[in-house]
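What follows is a single structure, written as structure tokens, with notes after it.
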Amino acid sequence: MVLFNLSSDNPGPFILVGIPGLEHAHVWIGIPFCIIYMVAIVGNCILLYLILVERSLHEPMFFFLFMLAMTDLTLSTAGAPKTLSIFWLGAREITFPGCLTQMFFLHYSFVLDSAILMAMAFDRYVAICSPLRYNTTLTPKTIIKIVVGISFRSLCIILPDVFLLTRLPFCRTRIIPHTYCEHIGVARLACADISINIWYGFCVPIMTVISDVILIAVSYTLILCAVFRLPSQEARQKALGTCGSHVCVILMFYTPAFFSILAHRFGHNVSRTFHIIFANLYIVIPPALNPIVYGVKTKQIREKIIILFSIKGTL
């Protein structure tokens, strides 16, 4: 669905090249890429189903996990189907409104993912550092306010990217050496000054994500201080176990994200082929691994998954 058609002088369609230099291998590259994407779809759908139908999972932590799964589905689906159509069908054309729409959902999902991880860190902080006030602090009303706040913040950060692109004239090549549309890559095709696009497109999202990382780090520092003050080894292990899956997801999300952002902005020695392959894996691997990590490390979800598949196995 095309949501953005804001330019009064819409340029013609853009051409997404795919992975430059590896065009001959697109068909084979598409196979593992499709498998990882399908794992992401199935895994996140199972997670969404379990959280919806199991009343024991109707808690703040699992509500944020539900939102993370939805955002991961959006992130992977915004890019993967078009990438696969390029690899397997040679469908390289994308309209300007379609390009803006894809760019918006990719960037919006990334910023929203970061905000959700920050909210989940706050949830773990309250659960471990102030367990007696957990239910009174994270009430349904408070959770709704958090969700609306982080969603609106992400929208306000990414929507200007769309308007910054619609103001640009595109009178040069319309060939994008990538598998999907992203802000700076499209802006560089314009025949006008794009300084504001470069600085806004880089500084605002990265500063937002850095602020999220700082708040997450502060939360986990306070959590660790509280955990090591617990009297028994068993209590410490249980508290750390509840945070283990979240820490794994945080590392899987931010490590490749910062590498990709910094390599795109400063990594002039990083080959374009490597950068594009890495960028494509980034939109499917974290969404595929997140449900697996939570399914393995979170006891409540692990038990529900075992029950779900054991019931199906007996039918």
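The backbone N, Cα and C atoms fix where each Cβ goes, glycine too.
What TrEMBL says about this one:
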DOMAIN    43-294  domain 'G-protein coupled receptors family 1 profile'
TRANSMEM  27-50  transmembrane segment
TRANSMEM  62-80  transmembrane segment
TRANSMEM  100-122  transmembrane segment
TRANSMEM  143-165  transmembrane segment
TRANSMEM  198-227  transmembrane segment
TRANSMEM  239-262  transmembrane segment
TRANSMEM  274-296  transmembrane segment
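Long-range Cβ contacts of the transmembrane segment (27-50) within its own chain (Cβ-Cβ under 8 Å, at least 6 residues beyond either end) map to 19, 57, 65-66, 69-70, 72-73, 76-77, 80, 83-84, 87-88, 277, 280-281, 284-285, 287-288, 290-292, 294-295, 301, 304-305, 308.
Long-range contacts of the transmembrane segment (143-165) within its own chain (CB-CB distance under 8 A, at least 6 residues past either end) are made by residues 4, 6, 60, 63, 67, 100, 103-104, 107-108, 111-112, 115-116, 118-119, 122, 183, 186-187, 196-197, 200-201, 204-205, 208. Counting Cβ pairs closer than 8 Å and at least 6 residues apart in sequence, the transmembrane segment (62-80) and the transmembrane segment (274-296) reach three or more and so form a contact. Averaged over the domain 'G-protein coupled receptors family 1 profile' (43-294), the predicted model reaches a pLDDT of 87.
Non-local neighbours of the transmembrane segment (100-122) in the same chain are 1-4, 6, 61, 64-65, 67-68, 71-72, 74-75, 78-79, 82, 94, 146-147, 150-151, 153-155, 157-159, 161-162, 165-166, 180-183, 186, 205, 208-209, 212-213, 215-216, 219-220, 246, 249-250, 253-254, 257, 283; each lies 6+ residues outside the stretch with a CB under 8 Å from one of its CB atoms.
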